[in-house]
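If you check Swiss-Prot, you get these features:
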DOMAIN    3-167  domain 'EngA-type G 1'
BINDING   9-16, 56-60, 119-122  GTP 1 binding site
DOMAIN    176-351  domain 'EngA-type G 2'
BINDING   182-189, 229-233, 294-297  GTP 2 binding site
DOMAIN    352-436  domain 'KH-like'
Amino acid sequence: MKPLVALVGRPNVGKSTLFNRLLGHRRAIVDDTPGVTRDRNYALINRFEKPFILIDTGGFEPVTEDRLLQQMREQSSLAMEEADVIIFMMDARSGLTPADVEVANMLRRVKKPVMYVVNKVDGEKLENDSAEFYSLGVENLYTISAEHNRGVYDLMDDLLELLPLDSGPESGEEITRIAVVGRPNVGKSSLVNRLLGFERVVANPTAGTTRDSVDTLFMCNKKPYLLIDTAGIRRKGKTTEKLEKYSVVDALRSIERADVVLVVLDATQGVTEQDERIAGYVHEAGRACVFVLNKWDAIEKDNSTFGLYVDKVRTGFKYLAYAPIVFVSAMTGQRTAKVMESVDEVMEQFSRRVTTSDLNRVFSEATSSHHAPLAHGRRVKFYFATQVTTRPPCFVVFTNQPDSIHFSYERYLINQFREAFGFNGTPLRIIFRGREKNSPSRRPVKDS
């Protein structure tokens, strides 16, 4: 495991701005509204001599009656427990506050390196005023402007000296990236917390509690995973608030980053138009998919209930008919272990490669038993097929009519490959290509 560095401090002191600065691009949502970052957000920072994992946290308020702020404080405390080094950030514009003093007193009891940072030092006056922070009794105080990149590299030089050696996973071990997506308030964060075994993400009945896409590294059955809990995706017309628009874009980017996407559905509401839209994003991105039908405990059941709900999902998502369906209750934990089993199964298929000889055997049988429709009155000839990539598996089929293959025949070939090679939980892609004139002569597949 690479060393962990936690950013902690009051709300709106610039933790997410520094997080994005060190990452090299915007990942955490940055806004003037306090409490925009509500959970622990992880990112691998590999732009410096020593790679490390940076944890961005929600604001830390030592004393509060607000339940959401209490949950954010708990998330910050967990981040401090996980971290090898803590960066405690304060705000030069606000000056030293009683909350800063409370956090500093708590950090004195932490037996790990703490770096005290005053952010938003954007001019000489603020530089002079920041001297008051020395009253905390610290020897080294870093004055920076994360927004303008002032003092950040000096901070990084000293941080790298404090980092322990990487005790990371064995070489060659790959991390499966899992995105959790769905409409607001279908139970995504509750599912994440259930899978991880502790409250990793702020789960709240209020729709939109998760605003950032929150990354969590974890181990399951001795295998590493990166779990991405996304903000709920709403209809475009309903994302009027600026932060909501940021979050939807971030959720779509999370789908692009993932290997496997868990599409969480609410069993009590059935399949909605917005569910179909979200699943469409997953399909277009070409990611492996598992449908997680949550709140199954709230459904009254008889012998036909299971089959009826399977039919509802299959009817609503015809283009994802290959994706497995898991019925769970994130609240009670019912069948949630099946989720990771399904992730492993579809990931194996998502990464599977078949030999060219086996592929062409199936390809020849498929084109011989069912001929392609004529294209512009001409017979379609197929020459051979080869797999060019995985994740998702992609095949190139060479033919004399690459631009005239009917989509129904493409679907037929995909289904033949799926059945023959066990690609039951992953999208498949076929590219039709003409023979290059300079390539060796090849005979068409027999009887096609």
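Here the Cβ of each residue, glycine as well, is placed from N, Cα and C on the backbone.
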W296 (GTP 2 binding site) to K15 (GTP 1 binding site) - Cα separation in whole Å: 38
Among N12, T57, N185, the one of these binding-site residues whose Cβ has the fewest neighbouring Cβ atoms within 10 Å: N185
Rounded to the nearest Å - Cα separation of T57 (GTP 1 binding site) and K188 (GTP 2 binding site): 19
Counts by DSSP class (helix H/G/I, strand E/B, coil) across the domain 'KH-like' (352-436): 29 helix, 21 strand, 35 coil
For G9 (GTP 1 binding site): DSSP state (helix, strand, coil): strand
Sparsest-packed of the listed binding-site residues (K15, K188) - C-beta count within 10 angstroms: K188
Nonlocal neighbours by CB distance (under 8 Å) for V121 (GTP 1 binding site), same chain, sequence gap 6 or more: A92, E127, S130, T143, I144, S145, R150, G151
Nearest-integer angstrom distance between the alpha carbons (Cα) of K188 (GTP 2 binding site) and N12 (GTP 1 binding site): 26
Cβ-Cβ neighbours of G182 (GTP 2 binding site) (radius 10 Å): 26
Inter-residue Cα distance where the pair is K15 (GTP 1 binding site) and N185 (GTP 2 binding site), in Å: 26
Number of other Cβ atoms within 10 Å of the Cβ of W296 (GTP 2 binding site) across all protein chains: 22
Cβ neighbour count within 10 Å of G9 (GTP 1 binding site): 24
G9 (GTP 1 binding site) and G182 (GTP 2 binding site), distance between Cα atoms, whole Å: 30
